[in-house]
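K.L.:
Take a look at the following structure, please.
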Amino acid sequence: MAGNFSEIESQGNISLKFGFLGLGMGGCAIAAECANKETQIKNNKYPYRAILVNTNSQDFNKIEIKNTGNVRKIQLEGYEQGAARNPQVGEEAFVKHETKIFEAVKQEFEDRDFIWITCGLGGGTGTGALLKAIEMLYEHDYNFGLLLTLPRDAEALKVLENATSRIRSIAMNQEAFGSIVLIDNAKLYRKFEEENPSALANEYTSYSNKYIADALHEINLVTSSFTPFSDTHFDASEFAQVINTPGVLSLAKLELKSNQLDTENPLGYLTQLGNALEKGVLYDTEREELESAKKSALSIVTSPLRAGRLYNFSFLNQMENFLKERTPYVDERPIAPYVNKHTTKKEEDIVKFYSVVAGLPLPKRVSDIIDEITRIKEEREQANSKKSNAVLNKLFAFDDSVQEEKPKKKKLNFGAEPEVEVADDSQPAKKKLSF
């Protein structure tokens, strides 16, 4: 989804005014990148606003901010050294400064249509502050959702446990707020590795933050930037309803050339579209998960040259049947064909599909993380037990019960004894000499 959509940015209008409340190092970096998104909209070059909340004072220095006027930093004083991956410290820091944070929310997000709480699950500050931030916005009746990154399996056990602990708490209360957008770091890391095999490891963070920001920004542009081809439309108000739907939200995108869309033989492109839905942009879904969705929408964008030929009754009917098959129980599932009047010559043969599916259950990736935690614990226990047994066996095999033997008393030796003649009974014994 992220990537080449400059022609949208150059002429596009955003559907909703987003505010981003970034928590912790990861959450602040994502929120700042979202606030860095630019448009050519007059008097609204930077359409999003962000509040960055963190403990570690050094983390702010790592974040690039293009326009300081739409980003506010809040340093949680007294916790400048960070939370050391301890969520309890992060929660404590947020509570101590909650009044200051809420004042910033009221000032910065007063005109926002929707607020995203952004957080990298697994650390201390963001993970710890997350539940308190949810409570704060919920109690003051804000429309908000969550933008959360899931850790890779390569992360330490504590990180994985911190993440799943917070997901469990969120799942218990998810009906109280809007959509949850999950970002699978394992998926994005693989994509980064494939696209940039010679890149430095520290470039991934910048790549992933931009990828996330681009994905959300692009779908927010699609719903307000193009000319509807028919009466069926997926407008800003409908988009707002979708992201206010409790549960997990999935975004998907597919680009095809117009000659790949044969309405008389639709199996090929419908299969590709189905795969795109399941792959998603930010995390993978399974078909069974999609079938439990509450809302879905499919937007299609192409050039004026191709729109007149492609958007016939047969094609749109195929799209309706496709989305009905994939999301059979949703409340709404609009199909919205659009014409991009500003398509470049290079892209006039391209057809783009954008899907939004809301109200989904937690994905299999969360289950995979739990399985990884279980595996690590079991292997650690086995390794510790094996090492302990080896030491004990060696210890018990060692005989340290040898009794001390009393040293034998040394015999005195004064040299050879003088020969003594046996006295004859008939003669007196010879007197010994005495010196």
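Cβ atoms are placed via backbone N, Cα and C, with glycine included.
Here's the feature list from Swiss-Prot:
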- M25, G26, G124, T125, G126, E155, N185, S208, N209: GTP binding site (BINDING)
- 403-435: region 'Disordered' (REGION)
K.L.:
Within 10 Å of each Cβ, count the other Cβ atoms, then let me know which of the binding-site residues G124, G126 comes out lowest.
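P.N.:
Output over binding-site residues G124, G126: least Cβ neighbours within 10 Å is G124.
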K.L.:
Where does M25 (GTP binding site) sit in the DSSP three-state scheme?
P.N.:
helix
K.L.:
What is the Cβ neighbour count of N209 (GTP binding site) at a 10 Å cut-off, with all protein chains included?
P.N.:
24
K.L.:
Give the maximum pairwise CA distance in Å, whole number, for the residues M25, G26, G124, T125, G126, E155, N185, S208, N209 listed as binding GTP.
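P.N.:
Looking at M25, G26, G124, T125, G126, E155, N185, S208, N209 as a set, their Cα atoms extend up to 20 Å apart.
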K.L.:
Non-local Cβ contacts of M25 (GTP binding site) (under 8 Å, 6 or more apart, same chain)?
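P.N.:
N54, N56, D59, K62, G120, G123, T125, G126 - these are the non-local Cβ neighbours of M25 (GTP binding site), listed in sequence order.
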K.L.:
For N185 (GTP binding site), what residues in its own chain, 6 or more apart in sequence, show a Cβ-Cβ distance under 8 Å?
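P.N.:
T149, L150, P151, R152, S208 - these are the non-local Cβ neighbours of N185 (GTP binding site), listed in sequence order.
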K.L.:
Could you tell me which three-state DSSP class N185 (GTP binding site) falls into?
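P.N.:
Its secondary structure by DSSP: helix.
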